[in-house]
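Working notes, structure below.
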Number of protein chains: 2
Amino acid sequence: MRNIKLTIEYDGRRYLGWQRLGDSEKTIQGKIESTLKQMTGEVIEITGSGRTDAGTHARGQVANFKTTTDMTREQMLSFLNRYLPNDIVITKIEEMPERFHARYNVKGKKYSYNIWNSEVPTALHRHTSFHVKQPLDLDKMQAACERLIGEHDFIGFSSLKKSKKSTIRTLQEISIVQHGNLLECQFIGEGFLYNMVRIMMGTIIEIGLGKLPVEVIDEIFEKKIRQQAGETVPAHALFLDEVYY
Amino acid sequence: MRNIKLTIEYDGRRYLGWQRLGDSEKTIQGKIESTLKQMTGEVIEITGSGRTDAGTHARGQVANFKTTTDMTREQMLSFLNRYLPNDIVITKIEEMPERFHARYNVKGKKYSYNIWNSEVPTALHRHTSFHVKQPLDLDKMQAACERLIGEHDFIGFSSLKKSKKSTIRTLQEISIVQHGNLLECQFIGEGFLYNMVRIMMGTIIEIGLGKLPVEVIDEIFEKKIRQQAGETVPAHALFLDEVYY
């Protein structure tokens, strides 16, 4: 069996997310699987690097699947991009060793989150940014990012109720880049818990607005209570940029 | 009467353009005029800096109108952005002298055009870029831009059949900036003829693909024949960035 790795870009707006049981036609994974069936005649299950929420976009989601097809990579790329809906694009196809697994082998991920910070809304970025009307204090936000970086128990920054598995994760980098009214916040880490980027972002925003002190971050690490953190900001401004192996 | 200047951002995808006789509800101008009527009770006609084609976007279109309303600028901004569809945003409202006219007083305009240059398409930029699959030679495109800059008779680069008015225009600047697979081409000039940016862009692309020699530009200026220029590239990748007064 060949083991094929896909790199995938998608506009998540129309979908229930990467994966969701029961309604696969409205998920990215379901769309790709049905196009692969069309292509190969085989029933193929693909393994994603992880889920993305309903509405979340990707610049570089990764998945793999096993197949016996003898199509070339070029033929597969061209077939898939022709028959997938135009809000899902396969950007790269690679042939991998048999043991490659898109979820188990993940070494890290990069996410980004767009904030539109202006009193007036935006027409052109309305589907890909979260509108924050009040002025944000970038220095306070940077200070919040610094406290988040490193190895911590992030359970207070997740929607998990309890977890039997470890909720300790290491964040390598958080950076905020300003392009006019648009703030692009990037998060690079070895792993992320459920809703972790959106809750960290919500907390950084409330610190930037002066609603929460920057010290709240250490308190959330210490007391492990989700309620102290900021709100879970909307999914439509979140992008999975890259998966590292 | 007060003379009010609006700066407008819009996602042109759903519209027949800035203005079109007969079907004003599907134009940007029509949407703004009906919202102004709602706001003031007056029948208001707005004057745009010029038309934009069906599907074309704007980061900084400008228009003005006369009114007797005693609302403050802040009240108007907030009313308009609340009641306009969310693909049209008023970004600024200014009080102008009575003689200010959004079309007659234009000193120049900046447009930009996005090209997605990659064998594979794009999901995230599909509504705001034109997909060119074959590799473009940026040096040849830059050489084409240099020949277009300056004062010329641009009739060969327009969809005008004939013109009683002068078709001589001055282009100050054309620049091409590359962000990965995305090429952003900016055009700054004193004035542009009908379809001029889209036909110049189509010609620059065909030069970049090696389908036309760079010398074709001088020939089009000399012979004034539209047929020698490249195709009129699609409107959905074009943005009116700024209007200078």
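A Cβ is built for glycine as well, from the same backbone N, Cα and C atoms used for every other residue.
Taken from TrEMBL, the feature domain 'Pseudouridine synthase I TruA alpha/beta' covers A:8-105 (among others). Taken through DSSP, the domain 'Pseudouridine synthase I TruA alpha/beta' (A:8-105) splits into 30 helix, 25 strand, 43 coil.
Residues or ranges marked as active site, nucleophile by TrEMBL: A:Asp53.
Annotation note: A:Tyr111 (substrate binding site) sits in a strand segment as assigned by DSSP. Per TrEMBL, the feature substrate binding site maps to A:Tyr111.
Secondary structure counts, DSSP: the domain 'Pseudouridine synthase I TruA alpha/beta' (A:144-245) has 35 helix, 31 strand, 36 coil. Under the heading domain 'Pseudouridine synthase I TruA alpha/beta', TrEMBL lists A:144-245 (among others).
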*asked:* As a test of the contact definition, list every same-chain residue at least 6 positions from A:Tyr111 (substrate binding site) whose Cβ is closer than 8 Å to its Cβ.
replied: A:Gln186, A:Phe187, A:Phe192, A:Val197, A:Leu238, A:Phe239, A:Leu240, A:Asp241
*Would you mind checking how many other C-beta atoms are within 10 angstroms of the C-beta on A:Asp53 (active site, nucleophile)?*
21
